[in-house]
Structure formats: C-alpha cells, structure tokens
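Step one of this worksheet: look at the structure below.
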Amino acid sequence: MGPCALLVGFIGLAVVSHRATAGTALDHEVLGWLVDHRRDGITTAAIAITNAGSPVAMAVLAFVACVILWRRHSWGTGAVVAATLAVAYCASTLTKTIVGAHRPPRAVQLLLEVDQSYPSGHVTGTLALVGIVAVVCGTNRAWVIKAALAGVVLVATALVALTRLYLGVHWLTDVVGGCLLGGAAVLSGAAVLDRVMPARAVSVDGLTEPPASTVPQVA
C-alpha cells in the first residue's frame, strides 16, 4: 500500500469527521467504554505516554536524531527525517482547520484540549518520526532487525493512540486518521530516501557503504 492509498483513506475519514461534527456513533461507543474502564494507575501511565508522544517531545527527538545523523555526515538523511515530521504536522494542523471537528465533551477529558479534533497530532507525529527513523535504521539490515523496528513503530503508535482515546481528548476517527496521515508521511519520506540518495546506505552505527557497483572487484 502506497502513500496515495493512505491519503485517500485519510481524506475519506476527514469527510466523515466533518459531517459528524462531534464524533460518529462508533466514536461515542468507544469513548463511553473507555471512560467506564478508567483506573487511577492506568490514568497516570496514560498521561506519561501521551506526553512522550506530544509535538514538543517529537520535535526534540527529531532534533536529536538529526544532530546524530549530521555529525555522522548523513546530512541529506537528517533533512529527510526533519522534513517528514514537519510535513506531517503541517498537514495535520491544516486538516484540523479545514475539517473543524469538535473534541469529545470537556466533561470526559482528563487533559483539557480545545483545538479541533481531526486528526490526532500526537498519533500523526509519533508515527511519522518513529517510522522514518526506523526506515533509516533498517536500511541494509537483516529482516529480523527490520521486523523488530516495525514492531517498535507499531507499539509506540498504538500506545499513543490508545492514550489519546483513554484520556478522552480524541475520537477513534481521529487516531485512525492520524495513523493514515503519519503512515503516508513515512512512506513518502522513505521514497525520497530511495530516489534522491540511492547511493548512500545509512546504517545504525553511522557508517555509510558505497553502492555495490562502486566496490572494487578482486580478480
């Protein structure tokens, strides 16, 4: 599935969210179930996780990742990582304004949020950053490492998405939309890495390897 397919789904959900104004019937059912199953210990953990997935936290992590890549002479890769997150957040913010969907009622919000609802910026940013970093770290690695990195991306995104629902600050539609937008950003960033810098293989230890065609052949 390419970024275009994900964007089609994202736009489709945006239309649904706009028409619903304040959550669909399914959104309300999911929110109601989570509110009924809140526990103090879970709430504390949810707040910590949601803060770790905030735009500010993602911006700091992106800065750290870019500094590491730039210090290892992977400037282009660092630029793609930063651009992936920036474009994802800009698209998220613009969509919020256009769609104009309302958040869940303040009475059920454990953390007060007052801006528009669709899509979830936390989910979008988390998937965009963790996803593109996983793509960079998984380049030229064994399938086991790639699978492990994919698992990290899945778990991180799922945890942030669940906390946004649990804390009553987003609808199910919002977090699914965030996943679609963040996924499209990652796939687009990966495509840029493949097409713009095909000769530069970035590894997790910071070293770069030349393309196979430039490796001297021993007779």
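Numbers run from 1 along the shown chain.
Glycine is treated like the rest: Cβ placed from N, Cα and C.
The feature transmembrane segment is assigned by TrEMBL to 46-70 (among others).
TrEMBL lists 77-99 (among others) with the feature transmembrane segment. Long-range contacts of the transmembrane segment (77-99) within the same chain, counting only residues at least 6 positions beyond its ends with a Cβ under 8 Å from a Cβ of the stretch, are 14, 17-18, 55, 58-59, 62, 65-67, 69-70, 115-121, 124-125, 128-129, 132-133, 136, 177-178, 181-182, 185-186, 188-189, 192-193, 196-197, 200, 202.
The domain 'Phosphatidic acid phosphatase type 2/haloperoxidase' feature in TrEMBL is assigned to 77-190.
For the transmembrane segment (119-137), the residues of the chain that approach it from at least six positions outside its boundaries are 10, 13-14, 50, 53-55, 58, 61-62, 65, 69, 77, 80-81, 84-85, 88-89, 91-93, 95-96, 145, 149-150, 152-153, 156-157, 160-161, 164, 170, 174-175, 177-183, 185-186, 189-190, 193, 202, 204, judged by C-beta separation under 8 angstroms. The transmembrane segment annotation in TrEMBL covers 119-137 (among others).
Marked as transmembrane segment by TrEMBL: 149-169 (among others).
Among the features that TrEMBL reports, transmembrane segment is placed at 175-193 (among others). Residues 2-4, 6-7, 9-10, 13-14, 17, 77, 80-81, 83-85, 87-88, 91-92, 95, 118-128, 131-132, 135-136, 139, 157, 161, 164-165 of the same chain lie 6+ residues outside the transmembrane segment (175-193) yet bring a C-beta within less than 8 angstroms of a C-beta in it.
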Close approaches to the transmembrane segment (149-169) from elsewhere in its chain (Cβ under 8 angstroms; 6 or more beyond its ends): 30-31, 34-35, 38, 42-43, 46-47, 49-50, 52-53, 103-104, 108-111, 113, 120, 122-123, 126-127, 130-131, 134, 137-138, 175, 178-179, 182
Model confidence over the domain 'Phosphatidic acid phosphatase type 2/haloperoxidase' (77-190) (mean pLDDT, whole number): 96
